[in-house]
Structures are given as C-alpha cells and as structure tokens.
Amino acid sequence: MDETGNLTVSSATCHDTIDDFRNQVYSTLYSMISVVGFFGNGFVLYVLIKTYHKKSAFQVYMINLAVADLLCVCTLPLRVVYYVHKGIWLFGDFLCRLSTYALYVNLYCSIFFMTAMSFFRCIAIVFPVQNINLVTQKKARFVCVGIWIFVILTSSPFLMAKPQKDEKNNTKCFEPPQDNQTKNHVLVLHYVSLFVGFIIPFVIIIVCYTMIILTLLKKSMKKNLSSHKKAIGMIMVVTAAFLVSFMPYHIQRTIHLHFLHNETKPCDSVLRMQKSVVITLSLAASNCCFDPLLYFFSGGNFRKRLSTFRKHSLSSVTYVPRKKASLPEKGEEICKV
C-alpha cells in the first residue's frame with residue numbers, strides 16, 4: 001500500500017533517517033517516470049485515436065492501458081513537489097488521497113489489462129478456431145469496462161483514508177499507518193490485492209505463455225511469422241513488467257507490513273526497510289514506462305498505424321489547396337478508409 005511509502009523509525013535508540021535518500025530518489029525517479037510515461041503513452045494514445053478506423057481487440061486494450069498510465073503520471077508531479085519540499089504536502093487532503101488512489105488504480109489496471117491481453121493472445125494462437133468468436137472488439141470493450149469498475153471500487157478505501165498531520169499540523173502524505181486497527185485493515189487489503197491483483201494474474205500469464213511457446217514450437221516459424229513475433233514481443237515485455245515492477249513491490253510490501261507489527265525494530269533493519277520501500281515503490285510506478293514498449297513490440301498493427309499516421313501527417317504538411325473538381329490527396333484517402 002502506498003501508505004507504506006515512508007517508514008517512521010520507531011526505535012528510541014535510532015536517530016538516523018533516510019530522508020535525504022528518500023527525497024532525492026523519489027523526486028528524481030518520479031520526474032523521469034512522469035516525462036517518459038506522459039510522452040510515451042500520450043504519443044501512443046494519439047496515434048491510436050488518429051487511426052481508430054482500424055479497429056481491433058488489441059487496440060482496445062492498448063488504449064485503456066495508455067489512459068490508465070496517463071491518469072497516473074499526471075499525479076506523479078504532485079509527489080515530486082512533496083519530496084522536493086522534504087515531505088511537506090501543499091495540495092490539500094483530497095489530492096493527497098487522490099494521488100495514492102491513482103497509483104493503485106494504474107498498478108492493478110495495468111496488471112489486469114496485461115493479463116487479459118495475454119489470455120486472448122493465447123486463445124488466438126492455441127485455439128485459432130475459437131478465436132473468431134472469442135477475441136472480438138466488443139468482448140474486449142466489455143472486459144475493459146469490467147476491469148475499470150472492479151479496480152475503481154476495490155481501490156476506493158484510499159479515497160476515504162483519514163489525513164495525517166505532523167507536530168506542526170502539516171499534512172503528511174504516503175505515510176505508513178500508525179495505529180494497530182489501521183495496520184490490520186491495511187494488512188487485509190494487502191492480502192486481497194496480493195492474491196487477486198498479482199498472484200492469480202501471474203499464474204494465468206505463466207500458463208498462457210507456456211501454452212503459446214509450446215504451440216509456436218510445434219508450428220513452422222515460416223508460417224504466420226508476424227503473429228509469432230507479436231506473441232514473443234508480448235511475452236518479453238509483460239514478463240519484464242511483472243518481474244521488474246510488480247513482483248519486487250508485492251514481495252517487499254508483504255515483508256514491510258509484517259515488519260510494522262513488530263514491537264522492537266533494530267535501527268539497521270528499519271533503515272534497510274525504508275530504502276527497500278523507496279526502491280520497490282519506484283519500480284512499481286515505472287510500469288507506466290513498460291506499456292509503450294508493449295504497444296510497439298507486440299503490436300505489429302501499431303507499427304502499421306504509425307506508418308499510416310506518418311503518411312497522413314506528411315500529406316497534411318505538403319497539402320496544397322486545389323479546385324473542388326480535383327481528386328483528394330493520397331494521404332486524405334488513407335485517413336478516410
């Protein structure tokens with residue numbers, strides 16, 4: 001949970017903190033993720049919308065992934081300002097809760113969208129006959145709406161969390177729970193999200209990718225080479241996202257929440273735990289940067305869309321008005337198809 005972002009040193013004998021490390025790492029990495037995520041996903045979303053006449057189920061998932069990423073990266077600058085000001089929140093209680101909420105909506109929407117894409121790509125390759133009826137744009141929209149509703153509702157406790165204040169009555173954001181009752185509630189939420197939001201999807205993609213790889217090995221690589229490349233690209237990017245962004249974060253969060261329940265916390269253990277939180281939470285936020293790679297390497301159609309978009313853009317730049325009786329430009333014809 002994002003409230004585990006900063007662990008307060010509770011040992012009376014420990015006066016060291018990682019505040020400087022935390023503020024520098026978070027402000028630097030969140031700034032980089034904001035820029036890369038905003039321009040990467042913004043560009044992909046712009047191209048997909050401009051070429052929306054070329055509809056596909058894969059495109060529906062890509063659009064939803066890009067929207068989820070953009071909603072998250074738009075709140076990351078608030079975190080950057082917070083850590084630049086050394087842990088003083090300047091934007092009010094609601095934006096504090098919204099910033100936490102947006103990160104987790106993005107995190108689990110990304111996991112579920114990637115899982116859905118992997119499942120339907122598996123159906124398309126392993127069961128090509130059933131693929132005709134199962135992998136459709138309409139079903140993809142239905143799945144995406146279901147994912148949004150589920151994640152938005154299950155993440156709602158972050159919007160209802162009580163604000164925290166320091167001794168100077170400044171609003172504190174992204175802090176760990178202090179009272180035992182809140183710690184227990186957070187622990188329950190953690191295990192629900194761990195199993196439903198990470199372990200089950202991870203098992204699904206492992207099964208799907210195993211079936212895809214076995215099927216591709218049986219088939220001649222010369223046949224459907226484009227489809228094979230897209231499948232391999234998706235396997236590489238999604239696996240990297242799970243291993244780099246999602247898995248370290250969920251493992252560390254489990255350890256951290258149980259660590260909070262310990263009455264005695266050695267100083268060196270507290271400092272190591274704090275640093276591990278900073279690193280893994282930053283890696284979790286970096287999933288926004290993986291998704292543009294997924295669009296490019298696993299979506300052959302996306303590269304065709306990009307080519308169409310570039311041709312249309314060039315034709316718009318070089319377009320010279322003609323008489324009404326003249327034929328339309330080639331770029332205009334492509335855009336209207």
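Every residue gets a Cβ built from N, Cα and C, even glycine.
From a predicted model like this one, the values you see are computed outputs, not experimental measurements.
Per Swiss-Prot, the features are as follows:
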TOPO_DOM  1-28  topological domain 'Extracellular'
CARBOHYD  Asn6  N-linked glycosylation site
TRANSMEM  29-49  transmembrane segment
TOPO_DOM  50-57  topological domain 'Cytoplasmic'
TRANSMEM  58-78  transmembrane segment
TOPO_DOM  79-106  topological domain 'Extracellular'
DISULFID  Cys96-Cys173  disulfide bond
TRANSMEM  107-127  transmembrane segment
TOPO_DOM  128-141  topological domain 'Cytoplasmic'
TRANSMEM  142-162  transmembrane segment
TOPO_DOM  163-193  topological domain 'Extracellular'
CARBOHYD  Asn169  N-linked glycosylation site
CARBOHYD  Asn180  N-linked glycosylation site
TRANSMEM  194-214  transmembrane segment
TOPO_DOM  215-230  topological domain 'Cytoplasmic'
TRANSMEM  231-251  transmembrane segment
TOPO_DOM  252-276  topological domain 'Extracellular'
CARBOHYD  Asn262  N-linked glycosylation site
TRANSMEM  277-297  transmembrane segment
TOPO_DOM  298-337  topological domain 'Cytoplasmic'
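Recorded features from Swiss-Prot, shown on the structure.
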{"residue": "Cys96", "record": "disulfide bond", "contacts (Cβ under 8 Å, 6+ apart)": "Trp89, Pro163, Thr171, Cys173, Phe174"}
{"residue": "Asn169", "record": "N-linked glycosylation site", "contacts (Cβ under 8 Å, 6+ apart)": "none"}
{"residue": "Asn180", "record": "N-linked glycosylation site", "contacts (Cβ under 8 Å, 6+ apart)": "none"}
{"residue": "Asn262", "record": "N-linked glycosylation site", "contacts (Cβ under 8 Å, 6+ apart)": "none"}
Considering the transmembrane segment (58-78), which listed stretch of 107-127, 142-162, 194-214, 231-251 counts the most C-beta pairs under 8 Å: 107-127
Reduced DSSP assignment, Asn180 (N-linked glycosylation site): helix
Cβ neighbour count within 10 Å of Cys173 (disulfide bond): 26
Intrachain residues whose Cβ lies under 8 Å of the transmembrane segment (107-127), provided they are six or more past its termini: 57-58, 61, 64-65, 68-69, 72, 134-135, 140, 143-144, 147-148, 150-151, 154-155, 193, 197-198, 201, 204-205, 208-209, 211-212, 215-216, 227, 230-231, 234, 238, 241-242, 246, 284, 287-288, 291, 294, 298
Distal contacts, the topological domain 'Extracellular' (79-106) - CB-CB under 8 A, six or more residues away: 1-3, 6, 19, 22-23, 26-27, 30-31, 34, 68-69, 71-72, 151-152, 155-156, 158-161, 163, 170-174, 193, 284-285, 287-288
